[in-house]
Structures are given as C-alpha cells and as structure tokens.
Amino acid sequence: MANDSSTDGRFSEKLRVPEALTFDDVLLRPAESRVEPDDADVATRVSTNVELEVPVLSAAMDTVTESRLAIAMAREGGLGVLHQNMDTDRVVAEVERVKRADELVIDRENVVTAAPEQTVEAVDEMMDRSDVSGAPVVDDDDTVRGIISATDIRPYLEVGESDAVREAMTDEVITAPEDITARDALELMYEHKIERVPIVNDEQHLVGLVTMQGILERREHGSAARDQNGRLRVGVAVGPFDTERATAVDEAGADVLFIDCAHAHNLNVIDSAREIKASVDADVVVGNVGTREAAEAVVDFADGIKVGIGPGSICTTRVVTGSGMPQITAVSQVADVAAPAGVPVIADGGIRYSGDAAKAIAAGADAVMLGSYFAGTDEAPGRVITMNGKKYKQYRGMGSVGAMQSGGSDRYLKDDDEDEEYVPEGVEAATPYKGSLASELHQLVGGIQSGMGYVGAESIPAFKADAEFVRVSAAGQTEGHPHDVMITDEAPNYSPQGE
C-alpha cells in the first residue's frame, strides 16, 4: 500500500474556514435614539487632509466619472475620482476643468485668453475646447484690450470667420481690482449687464477673472467640497506604477491620488505606491485591499485605504479567479487596523441600496464609493441606450475587455499587449437611466442619515462606535423586502434588483 503523505491534514485543515459576511447577511440593530435623521451629521474624512460634507465618492470608472460628474459630486459635498483610461494630457485637462468650475477668481494661468490678431474661427475653436463662453483679449504683455464672447463671435462664423478678434471684441472693458469681493463683483455685473469681469493689477495687466456663473454656483452650493483656495476638490486614479501620471495630476491640482489596483496587497504595488507618495503633495489612497494583513502592509504610509475585492455589480473577479472577500467582513478587518492609526477607510463596491452604505460605515468605513449607483445619471459619460422602450446608460467594469482595451489593464497588473487575448475580470452592461446626480445622492445620503437615526448616532464617528449588527437568515432577507404584493408605484430609492 502506498504511503499516504496527506494524513497530516495539512490540506483538509484549509477547509476549517472562518465565516465572512456581506451586506445582505446583517442588519443594524435599532437602539434608543434622540437623533432625528435630518440632524445626523454625515461629514467625514476620506484621507489625511481631505474632509467631505457627505461620505460618498464616485468610482474611478470610464462610464462613471469624468470632469462633469466630478464637478457635480464636489458641488454636492462628495468627491469624484477621475478614471485612468485617459492619457496624461487629457486627465490633466479634466483636473483643471474641475478646479476651474467654481473658482471665485480664476487665476491668470487658468484663464483662457485671446489675442487681438487671432481669427474669430480660431478663438471659437479654442473656447469650445476649453468649455468656456468668453475670454479676455490681451496683448503680449497681458494688458487687457477687450473681451470676446460666444455672442460676439456668432455673427462672424457665417460671413467673417477669418476676421481678426479685434473686429469682433468688445473694447470697452469693465475690469475690477484684485481685492474685489464676491458681492461687489456681482453688483458690478448686474449694473453693466455682463457675465465676466477681468481682474487687473495697477498696470492693467490681467491677473484673473470673475464670472457670474462662478459666483452663483458658490452661493448655491454652500456644502461643496473645496480646497484651501475655494476650488472644487477632485480625486484621480493612477496606475500603481505610473509615477509620471501621478506627478502630472498632482501639479495640476488634484487633491487625492488613488492607487488604482485590483489587488494592492502586492509587494511591487506597495513599493511603487510608497515612491508615488514620496513624490507628490496630494494625499495618496491605496487600494484595493480586503484583509487585515493588507491593511497592515500599507497603513504606515497611506493617507487612506480603499476596500473591495470583487464586490461590484459588474466585477467577475471572484468567479474568474476564485479569490475575494465578502465586503462587510473586508471593511471591518481593514478598519480594525486603520482606525487606531487614524487612516480613513473607503468601502468600494457592492452597495445596491442606501442601507448597504449605512452598514458599510457602521462596519468601520469612513466613506463609500459607488459606480453603478451613479452610472445611470445625466452627468455620467456612458452613452444612453434604449431597450424595450426604456432608457439605460452604458456601464462597464474596468476589468471588462472593452475597458482593458481602452487602457485599464494596468489596474489588473497585466501588460497592455494588443497581441495577447485579455483575461477579463468584469463585464460590459447597462444600468437604468436615473436623471440627475443630485437627486440620487440626496436619496443615498438621506438613507444613511435615517440609519444613523435608528442607531442613535449623531455623527459618523459615533455611528462607527455605537452601531451593532444582527445576523439575518434567508427568510429574514425576504422579509426585509416588499413581499406578497405587486409594486404599482416605484420608489426613487428602491428596486427589487437593487438597480
């Protein structure tokens, strides 16, 4: 009889496995409370130096977050994270677009200007590329000579597009000094019926620009996420080995860099992340991880840790690789390490309902990141699709074949080789069209606040400290959803599939 070397049990012992839970496995235990949901404070910290009024980030996916959605997120108090399927020049331009969106005084280096001798056609194309509707006209020494707007240009595009800007511009320019206040600038614009005022120094040289839109946006969005200069905050995903991109977006003004890797508990990734952290001024969040050991490997240098190995709706990592960690357990394990060190935790993926977001925070997360939840909004870049008379928007995982072909293979530590067939870890799909991001975010944050009210927690730190969980059986999960009825009027924050 052959000698059986497996009698020591070293393999069968692997099957004595710990339990791991996800959102549907648990519920928050209601507790005595004096906290009204509207009074619950959801302000939080997502990295060492970045605080938000709402604990929500949009995912760095090419069908979710580009500058338009990032601007909308920041205005509502959250943070948009620009995806990495863009070349460096384009992502720098996207960062600058976010930073320029709500500035009170746009700094000179960010002001789009025209020269008197340029053609009307060239300036029209320039303004279209820069997404602005007007520009000061300046000489070589930056002396303001006029101002030109899309309204000035429009008649010339039909009959005189080769005419010089000096022919089309308004040369009687209303300017303002460097110390002008928002109120004074607004009054000046109303008085002269103009939408933009160049800011000049004593020599009449251009030093900045104030716009009506910028002032009104700042007034409307009092809880917006802003940096120390009053500009909207923005995050950027960078590949784990792309130091050049990290440096470029840091110089462009990005507030947080997200090391964007499906498995950040890779020693090569960690070494490179340390180097990136040392080379930039922005905060650096490392992810994704899913275990206590992974958190221990990065907690000494990371400004934040992002959690999620395969929980996303379009992610196939767990079935393709057989690897992953259910999200509630993953968040709690990482938080056990990160919280004592004062490092924020971001739960990334698997959140279908606002209650899932509340559970993630109660389990130790400081904020949540969502993809499909925002992919169906107006501001997301995915194209609109109509199927069976219903509108959807394109949504795909960054591990899908399409996303990898667009440059996302770096996230999965795979070479970008056109001759090699990809092994995807995601799918391409569609998500129902939802309307504005502000409406979706309102429902999400409102659900989190209601969860805090049930627990009796008036702040995110109190919620994390005081919340308790109970296990839920399969019957309990069924009981928790609408049952034994036919839904006739859909609620804005619920669908049976969690769409």
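Yeah, the Cβs are placed from backbone N, Cα and C, and that goes for glycine too.
It should be emphasised that the depicted structure is a prediction, and the values quoted were computed from it without experimental measurement.
Residues annotated as K(+) binding site in Swiss-Prot: Gly310, Gly312, Cys315, Glu479, Gly480, His481. Per Swiss-Prot, IMP binding site is recorded for Ser313, Asp348, Gly349, Gly350, Gly371, Ser372, Tyr395, Arg396, Gly397, Met398, Gly399, Glu425. Annotated domain 'CBS 2' per Swiss-Prot: 169-225, in sequence order, evidence recorded as sequence analysis. Here Swiss-Prot flags 480-499 as region 'Disordered'.
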Within 10 Å of Gly312 (K(+) binding site) (Cα basis), scanning binding-site residues Gly349, Gly371, Tyr395, Gly397, I find Gly349, Gly371, Gly397
Here are the binding-site residues: Gly310, Gly371, Gly397, Gly399, Gly480. Which has the lowest count of other Cβ atoms within 10 Å?
Gly480
Pairwise Cα distance for Gly349 (IMP binding site)/Gly310 (K(+) binding site) [Å, integer]
8
How many Å lie between the Cα of Gly480 (K(+) binding site) and the Cα of Ser313 (IMP binding site)?
21
Beyond the flanks of the region 'Disordered' (480-499) by 6 or more, those residues with Cβ under 8 Å of it
27, 352-354, 372, 431-432, 439, 443-444, 446-447, 472
Here's one to test understanding: among the binding-site residues Gly371, Tyr395, Gly397, Gly399, whose C-alpha is closest in space to the C-alpha of Glu479 (K(+) binding site)?
Gly371
So how many of the residues in the domain 'CBS 2' (169-225) end up helix, strand or coil by DSSP?
20 helix, 14 strand, 23 coil
Work out how many Å separate Ser313 (IMP binding site) and His481 (K(+) binding site) at their Cα atoms, rounded off.
19
Rounded to a whole number of Å, the separation of the Cα atoms of Gly397 (IMP binding site) and Cys315 (K(+) binding site) comes to 6
Measuring CA to CA, name the entry from the binding-site residues Gly371, Tyr395, Gly399 that ends up nearest His481 (K(+) binding site).
Gly371
Cys315 (K(+) binding site) versus binding-site residues Gly371, Tyr395, Gly399 - nearest by Cα:
Gly399
Number of helical, extended and coil residues in the region 'Disordered' (480-499), per DSSP:
1 helix, 0 strand, 19 coil
Could you round the CA separation between Gly310 (K(+) binding site) and Tyr395 (IMP binding site) to a whole angstrom and send it over?
16
